[in-house]
Amino acid sequence: MLCLKDVLLFWTFCHVLRQAWSEDELSSPRHVHVNSSVHWSPATDSPGIKYTVQYWNSDRKKWLNVSGCVQTELTTCNEVSGLGCVMVQVLAQEGNRTSRSVQACSHADSCSPEFQLISEEGLLMVQMVKNNRLREDNAGHFEYNVQYGRDGEELKQDLYTSTSFKTINGLDVGQRYCVQVRYFCYSKPFGTPSTQHCESIYESERTRKMKIVVIGVTVTILLGVLVVGLTLFIYRYHKKVKQFLQPPLRLPDHYFEYLSGVFPQQALSITTSPCEERHDLISIVCREEDLSDSYLIPESDREHDYDSPNGLDLLDHFE
């Protein structure tokens, strides 16, 4: 409940403060328009309110009071007829309070041009929405000042045209450009510059398709040249390519150890143990008559018998 009470108190305080501020702020003049003179309607019916009329001096770039129309109680000012193309503003004043100014243009339907942008590839088309009476009243002394530049940069490029249509050429594709238009009368700025309108410059569909075709053809040709060149290179240097692709030759580690002296010198000795053959002793016992018979056999026959496979028969005979 306490919180709701605090909120209501705060809302009442803000409401009272706003009413006090609105009462303190002086109302601006109404229905300001310019033809041969400046006319306006009183801000309020309260007496004692005075009005001041000012015009914009483009050379000095400041607002100057119109002589004879400073703190006047009248609602008209006839002193602007000799100023030609001019923009004026009217302020209400009461004591130390001054209202917000209300601007109007001399011989103009608006203080700044109204236009629209049409974006195409490499260009912008500036189309004025409607013709202004300035063009009719000043004939050859009237023109539009078209300023343009890239988005985020100062509008340094100036073009002038007396028609309601202007084309800006030579713009970079993919960039965003801003345009501002202002009236010029007798080669001098008039009124206030328009609000900036920005548009991006895009490629046309035809250009985009052409780029895709060109890129595709170029890539195909490059791939063909690369494949043919690689084939010829391999055919001509296939031996070197094969040699290059072979793994490097490397000796086993124990060869390096042996050549570096690290290989352990082991005694390569073969120990042989005498192998003793055991034979049975054969004793030949011969009888004397057999021994005598053996002497009777010719020597050639004895050699033959020993050499023959049956030579053992003789031994058996002796046994």
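Note that Cβ sites are derived from N, Cα and C of the backbone, with glycine treated the same way.
If you check TrEMBL, you get these features:
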- 15-99: domain 'Fibronectin type-III' (DOMAIN)
- 113-200: domain 'Interferon/interleukin receptor' (DOMAIN)
- 1-22: signal peptide (SIGNAL)
- 212-235: transmembrane segment (TRANSMEM)
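When pLDDT values are averaged over the domain 'Fibronectin type-III' (15-99), the model yields 82. Here the domain 'Fibronectin type-III' (15-99) has, by DSSP, the following mix of helix, strand and coil residues: 13 helix, 34 strand, 38 coil.
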